[in-house]
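Here is the structure we will look at.
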């Protein structure tokens with residue numbers, strides 16, 4: 001057994017203290033023959049500190065495309081030649097999407113908008129949408145609408161938004177290579193305000209943007225410092241017309257190593273499968289991740305890419321004897 005896994009068994013599994021950056025890097029560098037042991041340990045950590053339940057979430061885009069930022073991985077940027085065009089979703093369609101999400105057994109519905117930050121129109125739409133969903137659907141409402149002011153944070157709290165997603169996307173040292181229209185520090189400031197407001201913080205990123213293994217370890221350590229309630233792990237699904245559109249996808253074994261490493265860095269955090277897993281991991285890899293530290297999934301489609309059918313994921317959870325987290329448990 002590699003020394004880092006022996007260390008993690010005592011430090012993380014028994015004592016609940018996550019690995020530091022050096023420890024995460026050691027896990028990311030484990031040879032293939034030790035990957036099953038790393039995944040098994042990560043699963044034990046998840047079961048010990050989070051329990052067997054899996055949180056299920058659906059997402060929908062209130063405003064798609066036309067974003068002024070230049071995130072190099074994103075087909076919703078108005079600066080690139082991707083086929084995505086700006087579209088607004090009306091409130092009845094938003095409510096219907098929430099109803100369909102709830103029917104899958106999901107406990108959370110996240111409203112997303114492709115913006116730098118919300119303007120007055122978007123805040124009005126969000127307020128109307130959240131109120132309409134709360135009136136008709138028994139589901140928690142989360143939001144992801146970019147960088148916020150303190151006033152906007154307070155408004156979201158007043159609306160009853162229980163969790164806010166704002167991804168750092170990658171580590172601080174690599175961020176300028178994928179975004180130039182705003183800074184990593186600006187994103188961190190929004191997350192600070194959200195945390196202080198009492199809303200739950202959801203913050204993760206995308207692996208496979210061109211970062212080094214060392215930078216993946218840096219990213220895990222920075223997320224652990226933030227200590228978010230939830231970390232969504234995306235794997236790059238290269239989008240045509242974007243600067244990263246010709247990048248190779250993350251190798252499946254590297255993705256699984258990252259899942260184990262991030263779990264060992266953050267033993268108590270909800271670690272959620274997000275975009276790109278279908279391409280990077282397929283069905284077998286998805287199962288391996290759920291047995292290697294993952295304890296939440298986004299079901300259905302993503303913002304601009306297709307996901308797995310919700311029934312496929314729910315059948316997999318049933319097959320693995322992993323109960324879906326009940327709504328009452330998240331209130």
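Placed from the backbone N, Cα and C atoms, the Cβ positions cover glycine too.
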Q: Would you identify which residue of 110, 171 Swiss-Prot lists as part of the [2Fe-2S] cluster site it also attributes to 202, 272?
A: 110
**Q.** Alpha-carbon distance [residue 74 ([4Fe-4S] cluster binding site); residue 110 ([2Fe-2S] cluster binding site)] in Å
**A.** 18
Q: Can you grab the distance from residue 71 ([4Fe-4S] cluster binding site) over to residue 202 ([2Fe-2S] cluster binding site)? Cα atoms, rounded to a whole Å.
A: 19
**Q.** Conformational class of residue 74 ([4Fe-4S] cluster binding site) under the three-state DSSP mapping
**A.** coil
Q. Near residue 272 ([2Fe-2S] cluster binding site), how many other Cβ atoms are within 10 Å of its Cβ?
A. 23
Q: Using all protein chains in view, find how many other C-beta atoms are within 10 Å of the C-beta of residue 67 ([4Fe-4S] cluster binding site).
A: 23
